[in-house]
Structures are given as C-alpha cells and as structure tokens.
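Student: Just dropping this structure here.
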Amino acid sequence: TTGNKTSAIVFVILGFSHRPDVNIIFFILFLCIYIMTVLGNLIILLVINMDPVLHTPMYFFLRNLSFLEICYTSVTLPRVLVNLLSSDTSISFAGCAAQMYFFLFFGATECCLLAAMAYDRYRAICNPLHYMDIMNKKVCMQLAASSWICGNLVALGHTTFIFSLPFCGSNVINHFFCEIQPVLMLVCGDTYWNELQIILAAAFVILMPFLLIVVSYGLIISSILRIKSAKGRYKAFSTCFSHLIVVTLFYGTAVFIYIRPKSSYSLDVDKVLSLFYSVVTPILNPVIYSLRNREVKMALFKMRMKLFPPNS
C-alpha cells in the first residue's frame, strides 16, 4: 500500500557541503557552538537554582527558557555533527518525523513562553504593588505548563499531518535537518492546500503569542512614559531589554521562514535563517540575559566565589 511504501522511505540529509575539508571546519564550529550553548544555559540554570534572590517569577521563566534552549539545540546539532563526519547522511522515516516533532515542540513552546515572559514583565511594571500576588507560584506554573502543552499539541498536529502525506520521487532533503518546507517539497502531487494549512497554522502559532507580546509591551511603554524620573524610566525599561532582544532574534527569522508562500523560498537562504534561530539564538540567550542583568551577574560572582574561593 501507499502507506507502507511511504513509511519505508529513507531520507538523505543534504547538509551544507560535500567537501570533507569544509565539513571539518563546520564540525569544529558547530561543536564549539553546541558546547557553549549547553554550558551557558546550564550555568544560568544552576545560578538561578542556587541563589534565593533569583527565586522570582521572572527567573522562573528564564529557567524554563534555558532548559528549553538546551533541548531545542540538541534536536538538530548532534545529528548535524554526526553527518558532517559521515558519508552516510541518511535518516529513517520515523527518525525524520521524530526530529521534526521535537523541533516544532520546542520551537512552539518557546513562542508561548516568550509571551508568558512578556506578560510577567507587564505585571511587574504596570502593577508593581500587586505583582507578587498576581504572579504567584501557581500562576507561573500554569503559564509555563500551558506553553509546554501548547507546543506539544502544535508539534503533534503538524508532524502527523505532514507525515501522513504520500512521498515519492526524490528522497533528498535539501537542508541540515528535517525542516517542514524541504520535507514538504518531497510530497507527491500538488501540495498547495497542504502548504496553505501549514502557513495558516504557523501564523496562528507564531503570531498569536507575538500579538500578546506586542500588546504587553504597548502597555509597558505607556506605563514607563508616565514615570516622571529619567532614572525610573531607565530602570523599568532595563528589566525588559533582554527579553525584547531575544523576542526580536527569535521571531524575526521564524516569521520570515514559516509565513510566506512556496514561490518565495530559497533553500540556501532558509538554511542560513534556520541556522540562525535554531543554533545562534540559543547560544546568545544566556549571554544576553547575563550581560544585561545585574542580579544574574551578582549571582554568577557569588557562585564563582563559592566554587573558587580566594586564597586567604
């Protein structure tokens, strides 16, 4: 049957280059990025867990984000590293589906989590006197759990839909992992309606949280402008700056990749953009949050003093 033929397909990941010397350079680069991403986000997790000062709603969400970034990067980079040193870059039908599911799962979860973080900043700046009552432990847990559940549902729906379609002809995925659009190009027949459904679903998943972020920051900016002192305005805005940078980096590339028609695709450009939001952004997040945040820098200093006390 068609279903049996489809499930028996073995895909081939094209990757970046067929030249061994270039692949070695890519391997060293991506290995360094992966190690730094995991270590950077692990340090953020450890610092937040160890310092009671950071046991607040904002850092609860940052802890979720750091864990998410480790998972997100681990979906693609280990496989990329293996493929760069191997002549066999094939991946099974089930393996490709699993990789797409987890990539979408963590990506959609991050969309929702960034919206939850924007809501937290809105409450902190616009309702400072009631902030801890509104953003209590239960509410934070519910927002985080909702983000993970939403990410799971989105990933499950997209992956099931795409991999239930018939595949035929070429089995070469012109990408460095099982991304939606390159896989969809291998589906038999006219995929116009499939693409339209995916674009609409992606628009909902990406734009709904983004709309919540925009509304939250609209209210935040309005509240900041009412603060009379320049110092007060700077202090209020500085608590949001790191989050704004992360949102811009993540959504800027995600919107460009997923919410556009097939006719405008350039797979080489898409590889670079996918590389940016799936590999570069996760390594930047701990840097952005640690360099722009005085409390995190103080906690890092205290942790360093505990681990490496000065000689008396």
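Glycine too: its Cβ is placed from the backbone N, Cα and C atoms.
Sharing the feature lines straight out of TrEMBL:
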- 24-48: transmembrane segment (TRANSMEM)
- 40-289: domain 'G-protein coupled receptors family 1 profile' (DOMAIN)
- 60-81: transmembrane segment (TRANSMEM)
- 101-119: transmembrane segment (TRANSMEM)
- 139-163: transmembrane segment (TRANSMEM)
- 198-220: transmembrane segment (TRANSMEM)
- 241-260: transmembrane segment (TRANSMEM)
- 272-291: transmembrane segment (TRANSMEM)
Student: Under 8 Å, at least three CB pairs between the transmembrane segment (198-220) and the transmembrane segment (139-163) (pairs 6 or more apart)?
Tutor: yes
Student: Suppose I define contact as three or more CB-CB distances under 8 A, residues 6 or more apart in sequence; do the transmembrane segment (24-48) and the transmembrane segment (272-291) meet it?
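Tutor: Yes, the transmembrane segment (24-48) contacts the transmembrane segment (272-291).
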Student: Do any residues, 6 or more residues outside the transmembrane segment (139-163), come within under 8 Å Cβ-to-Cβ of it, and if so which ones?
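Tutor: Result: 6, 57, 60-61, 64, 93, 96-97, 100-113, 115-116, 119-120, 180, 183-184, 187, 194, 197-198, 201, 205.
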Student: On the 0 to 100 pLDDT scale, where does the domain 'G-protein coupled receptors family 1 profile' (40-289) sit on average?
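Tutor: In the predicted model, the domain 'G-protein coupled receptors family 1 profile' (40-289) has a mean pLDDT of 85.
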